[in-house]
Amino acid sequence: MEDFVRQCFNPMIVELAEKAMKEYGEDLKIETNKFAAICTHLEICFMYSDFHFINEQGESIVVELDDPNALLKHRFEIIEGRDRTMAWTVVNSICNTTGAEKPKFLPDLYDYKENRFIEIGVTRREVHIYYLEKANKIKSENTHIHIFSFTGEEMATKADYTLDDESRARIKTRLFTIRQEMANRGLWDSFRQSERGEETIEERFEITGTMRRLADQSLPPNFSCLENFRAYVDGFEPNGCIEGKLSQMSKEVNARIEPFLKTTPRPIKLPDGPPCFQRSKFLLMDALKLSIEDPSHEGEGIPLYDAIKCMRTFFGWKEPYIVKPHEKGINPNYLLSWKQVLAELQDIENEEKIPRTKNMKKTSQLKWALGENMAPEKVDFDNCRDISDLKQYDSDEPELRSLSSWIQNEFNKACELTDSIWIELDEIGEDVAPIEYIASMRRNYFTAEVSHCRATEYIMKGVYINTALLNASCAAMDDFQLIPMISKCRTKEGRRKTNLYGFIIKGRSHLRNDTDVVNFVSMEFSLTDPRLEPHKWEKYCVLEIGDMLLRSAIGQMSRPMFLYVRTNGTSKIKMKWGMEMRRCLLQSLQQIESMIEAESSVKEKDMTKEFFENKSETWPIGESPKGVEEGSIGKVCRTLLAKSVFNSLYASPQLEGFSAESRKLLLVVQALRDNLEPGTFDLGGLYEAIEECLINDPWVLLNASWFNSFLTHALR
């Protein structure tokens, strides 16, 4: 239908219809029949006016386009097709100069010969039904109604048809042609059935009696009755004279609306300072797995058993030593903690029966690393009332950090494919109704695109770690429990695989409130040398713990194996959300689904199959300094998933604030791109609100950098 409209109607009419739909928040790609109806109505209004002039004697004459008498006065003033502000301005001007009564609703034309407003109707139904609806809505003697149908019928107030027979015949012929063209393309039935009646719901609710008196009493100042207020609201333009409206509201409010032009926005200012550091709860692209395929050992599925089995697959252990110290920590304690883990795992192996869980000995190094006895003593406030200089302790402002390239690399890596399958088909949920056949198909296509994705690995890793940590926090509150960091996947051939990333040691965890913190020490394997990007690993103490033999195209090579150790903390509420990271799959699937829906409504059939199977088509993925990046539909799926996963991994107040505030600026820029002529006040205040969220969070800084790329290319 959209293609038909663009071919059938004058481009100026199409542009006006697009503008009208955008003004009312309607999507022409979805509401295609409405798009066609608006274009038809606009064209009939213009045809009604065409060639009709008033001569010097005040008589109505018809003049063809090539006639030299172009200085004659147009008989009709066209109101339809203007934006609401301008349309009401024209109506008010006509009323002031002619003395005509102001209509309650915007009419389509004004007839200078008959001195009356005209409402034009074009209907796919019976003309008399549509006429009655219009008359019931307008409820005005002063607006003349003229209805045309696609079958050649017409109806007008008091059978006064205003125009000569030839002009009306031209309109009827055009409508009949549009109908024939639609029918030839199989569009007419859908178009005919889609017409809705005029909205008259408010007219049916007459307010009487006590409610009417209350309504009249509760009006804003300067309004004598409800009718006056209604008329004012109907004529009120949300985009017009906001300054005046604000100043009426309050003496303190003073806002000047500035036009928002292509040259108005400036880039968001990113902070200067040392580079930002890695702050996720576990390693992402730098993680290394010790894996076993087709596990069938005794106790398979018990984390500690699986961990010991994975540890046995590696033979390159060596005496550990520190290669990158933590600047503020007691680094020997981190080294001793790892040695203690190795020793206690060895002790377990020497036992006849391996226990299901392992509680670590409460050594001095672990007490230090887990902050045991470090919390300040809590004192009841009532016991402190008499202390004269009681005050909240001073806390330092967080140090500003600059964007670093590692976070973009992390994101790129999260979008990539791995050689393992991380989710089974049912991770997103089973069907619950027969109507979900299309939903199943979409889910299966989507799952196929993301099941190998590294972001999906992060989801399963996050779910496992948070579930294990929350369980241990509740079941062993006083113990320093050793928790293996494990994930499960399948190889391309379908063989099961169990992976060990490292270990967590949990501190004391008497978690009464959702926000109470449990400390933990994480120890994670990696092949990444921390000395290459030391700023990324500011919070870590990194040990070299072994040498790993790797097969490559040129044969075997030995690489040092590192252990990234750090103290960290989390809370019940954070673990609860971490356990639900599978929601990221659902969120990104819904985003893809809205893209499919938009495409399907244009083509007027379900486009799921074509959407996923047309490998030649590319889609916009995001903005970069080079411009709009495009890729396959699979790449779009994986990018959307990675964004959702990173929003979960790097969740923070800074991200919440930046997302909420930058969205406002985004909406204004989009309005500018849609030629809606937006206006703003206190744009500086909005920039301030955005930039106060840019402190030190790597994911927020990267999003701000992307936003700047978007601004650059959107406003060219």
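Backbone N, Cα and C atoms are what each Cβ position is placed from, and that goes for glycine too.
The Cβ of Asp108 (Mn(2+) 1 binding site) has 23 other Cβ atoms within 10 Å, all protein chains considered. Per Swiss-Prot, the feature Mn(2+) 1 binding site maps to His41, Asp108, Glu119, Ile120; the stated evidence is sequence analysis.
Sequence annotations record features per position, and here Swiss-Prot assigns Mn(2+) 2 binding site to Glu80, Asp108 based on sequence analysis. A coil conformation is recorded for Asp108 (Mn(2+) 1 binding site) in the three-state DSSP classification, outside any helix or strand.
Residues or ranges marked as motif 'Nuclear localization signal 1 (NLS1)' by Swiss-Prot: 124-139.
As annotated by Swiss-Prot, motif 'Nuclear localization signal 2 (NLS2)' applies to 184-247.
Taken residue by residue, the motif 'Nuclear localization signal 1 (NLS1)' (124-139) breaks down under DSSP into 12 helix, 0 strand, 4 coil. Counted within 10 Å of its Cβ, the other Cβ atoms near Glu119 (Mn(2+) 1 binding site) come to 22, all protein chains included. Rounded to a whole value, the Cα-Cα separation of Glu119 (Mn(2+) 1 binding site) and Glu80 (Mn(2+) 2 binding site) is 10 Å. Same-chain neighbours of the Mn(2+) 1 site beyond His41, Asp108, Glu119, Ile120, judged by a C-beta within 8 angstroms of the site's C-beta center, are, in sequence order, Ile44, Cys45, Glu80, Pro107, Leu109, Ile118, Gly121, Val122, His146. Note: the CA-CA distance between Ile120 (Mn(2+) 1 binding site) and Glu80 (Mn(2+) 2 binding site) rounds to 10 Å.
Of the recorded residues, Asp108 (Mn(2+) 1 binding site) and Glu80 (Mn(2+) 2 binding site) place their C-alpha atoms 5 Å from one another.
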